[in-house]
Structure formats: C-alpha cells, structure tokens
Amino acid sequence: MEISKAKGLNTREMHVVTSSPPAKGGGKGMGGGKGKGGKGGGGKGGGGSEGGEPQEEDEDFRLPGLPRYVRINSIKIGMGAATKALSRESGHFLCPDPKHPGHRAYYRDPDVPDLLVFKPKGQSDVSRIPMVSRGEAIVQQKASCFPAVALAPPAGATVIDTCAAPGNKTCHLAAVMENKGRIFAFELNPRRCELLKQMMQLKGASIVRCKQGSFLDASPDDPQYREVSHVLLDPSCSSSGMSRTPETDPGRLRELAENQLELVLHAMKFPAVQAICYSTCSIHEQENEEVVRAILRGQSEFELDVAMPWWLRRGHMIADDGKGGGYEAEIARSVVRTAYPDDRTIGFFLARFVHKGAGRSLPPGQAFADKLELQAKARSKKHKLETKREKSSTQPGEQHSPLPSSSRQLEPEPKPEQTNVAAVTAGHEADCSPVYALQHGDNLVKRKKKNKRQRSEESPEMHVEGPKKRGKSD
C-alpha cells in the first residue's frame, strides 16, 4: 500500500493513504435493516441499533490477536480508585511492559483517556473483572472510543446519539460530559431500546433519554431538540473493519452509503447543531471518504474539521470523480482511519463536521480537556525518552529511523525533526508500549536531574546557571 505525506495541525505529521483496491468483501451488516433510514429489519440505519454491531466481546473473537481494552467509567469511579480495585479484586497491576505471559498486567492507552489495555483474548479474561459487572468499567474496543473523544461535547450540552444500542458510545458521551446535560439516544428496535435503558441505568448515565424510533422521524422543529448542539452518528455499515474476510456486495454498499448520507444531511438540519461526528466500522471508501465528499457537496453550512489531530493514520486519497469541488486532499488530511492489525484495534473510520458559524475545533469541556492535555504531555515525554535511547544506540555515521517498518513508514524517509514528531504518535508497536509520563513520573524527574548533573561535569564551560529553583535541585 503506497503512502504519501501531508501536513496536518499542531505541526504533527499525518499519513495520508492513497487509494487502493478495496479488499474483497464487505459483509452485509449484522443486523439487516436494508430499508432507507433503517426502517426495515433491526440494523443500525436511521436510528436503529448499532447495525446489530456485536458487543465488544464478539469483536475480539472475529479479529484475533487484538489487545483487550477496558474503559474506566468515570461517571462511577476515578482512575486512582479503579487501579486499586483492579489489583485488590482481580490481581491486575499497572505495569510498564506486560510482555511475560504469566503477568496479569495492563497499561494506560496513550490516545484515549481512561482506557486500559490488557493482553489479548486467551491471555486475559477482562469480562470477569468485578468492576465490569458493577458498571464501573466497560469492555470496549479502542476504535469504538474515538467518536466520543472526537466529538467531545462540553458538560451541560444537549446531544443526539442517532444509533445508540448497545450503548457503549452513548455511555462514553455521558462520561465526557461529566454526566451533565442531556443525551437523546435513538434505538429503532423495541427490545434493544429496553436493554439500552437498563445499560444506562447500570452505568449511571442518568442524562440519557432513550427514544424508541428512527432518528429520521425526529423533527428539527421539535422544541425538545432546538438546543441540540452535538450529534454522534454511527449508522449501519458493512462491518468490514471487523472481519478478516470481508465480502463486497456493490448493491449493498451503494444502499448503505445512500442511507448514511441521508442521516448526516438530516442531522445538519437541526438549528443549533455545531458539531457532528460520523463514523463507521467499515474499510470501504464508498462508505467513508466518498460519503464525506457527498456531504460536503450536498450542503453549504458545515465544513470538515480535522478530527483527532494527534492520530497518525489519516484517510485515503480517493480519485477525483470529475464532479468538481476538489475535496479529496482536504478529506484525506481531516478524517481518521484505523487499520487491523497495525493499529491494534478494529478497522474504523471517523469524520468530524462543524458549523461554519461555530468555527473549527470547538473546545471540549474543561475536565475532558485536562485529560487530553495530560495524554499529550505523556506522549511528548515518552517520545523524548525514545529519542534519547535511539541516539545512544545509533553508531556514528549510521542512519536510524524510530518509525516501525509497517504501513506507517513514510516514503521518502522524513527529516529528523519530522521523524521525532511522528514517533510521538506511532506508539502502536507490536509489544504494548507504556505511557511513561503517566506511570513513572518520579523516575523521569530523577533521571532528568541525573543527566543534567552529568552534562555539567562533562562540559562545565558550556554550563549556564539557571534560575534559583534549578540551582537548589543541582
């Protein structure tokens, strides 16, 4: 697969994958529901369930070798209390590098706040963790956490989740919003809607209002929806990102794409909407980049925002269809993709739209913004340590690149400063890398002071005396 280079926000480099022949397959969505707006069957479309999207347990069965991910439900428990409960109740310990098969260890994910990473199925059984049965932790694939992180509605906002069941993303939205505000969660299937209500009660998501019916039937003029500012839209799709052998049915993909386009354009009609997050668990451009291009052509009030700018893998550079607009490069830079197994999660796609009057990159709530800032600092400190190790291990005159030999490798080889930036976000290598700044802050401080003293002793003529605080630490 050919990879080209494009610059994104925050001086981070983003990988834009050029168009390639689609993989064979594209399953028929697990929940049926072929009718427009999801009015037929029990699929995700138009406000039904998550397309019969399986619980996260099933995803691990279908794609072997993936780590097990557990999201701490911050509505009910904090991270500190959760780590203590894990060690006390199930013998799991926060560890920098859980490689040994005998270790019941986990680490904190560097990209998603409150997400813990355990060993793959067969080496860990996270479903038996007591916190899961109490609703304090949720077994949820990493990519499935991206929509709530990318949408990031502030506390007190009014939000619509158009296709809510089984409820993992809905509960995550409530946690991001600190359980303040309102979430209207649509579910077409009556039985699944009742299960959704029970799930929200177990997770403590009291701001969720479950709506049994299709999102397409919700009127933008209804007074209860006049203050809706954010919409999470994860409609029925081919589920090809969750299968090792996806099958492609051109007619089915065309029908799904039409339904997905109709849902997003309907969401844009709500008068107060500022941001919309559109996602699928599909690998096909027809359901992803091509739908985004059709959305940009189909209206003029919303523009594409750069979603999750710290995530390295961006969209496909789709071919120009000759209908004008020139959106292809913008789409490739702005959207997010994940790839199995390179990114250690299922195949996923995400795009974020913002109203032109609201401005780009709407700020999230303060508490969630603080978590994102902590994650960014952790990635930066981890990168500095890795860069230092690479420099010490590289022989004079020898070329060295910190990027793994995978589809993330840039061609041609990037400049040193670009390579350093890419290494920050490329922390998805084969063996679970830790977030050192989150777990070993004290050791980092001691090591930093020791290195500073050594530099002073080796070249005293270059030493510049710092402020009084630094003088005391020396």
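Numbering starts at 1 and runs along the chain as displayed.
Placement of Cβ uses the backbone N, Cα and C atoms for every residue, glycine included.
Keep in mind that TrEMBL annotations are predicted by a computer and have not been checked by a curator.
Site annotation (TrEMBL, ligand S-adenosyl-L-methionine) includes Cys163, Ala164, Ala165, Pro166, Gly167, Asn168, Lys169, Glu187; from Asp111, Asp114, Asp125, Asp234, the additional listed residue is Asp234. Model confidence over the domain 'SAM-dependent MTase RsmB/NOP-type' (58-356) stands at 92, taken as the mean pLDDT rounded to a whole number.
Within its own chain, Gly167 (S-adenosyl-L-methionine binding site) has Ala185, Leu195, Leu196, Met199, Met200, Lys203 as residues 6 or more apart in sequence whose C-beta sits under 8 angstroms from its own. Using a 10 Å radius centred on the Cβ of Lys169 (S-adenosyl-L-methionine binding site) and all shown protein chains, the other Cβ atoms total 25. For the recorded positions Ala165, Cys281, counting C-beta atoms within 10 A of each C-beta gives the highest total at Ala165.
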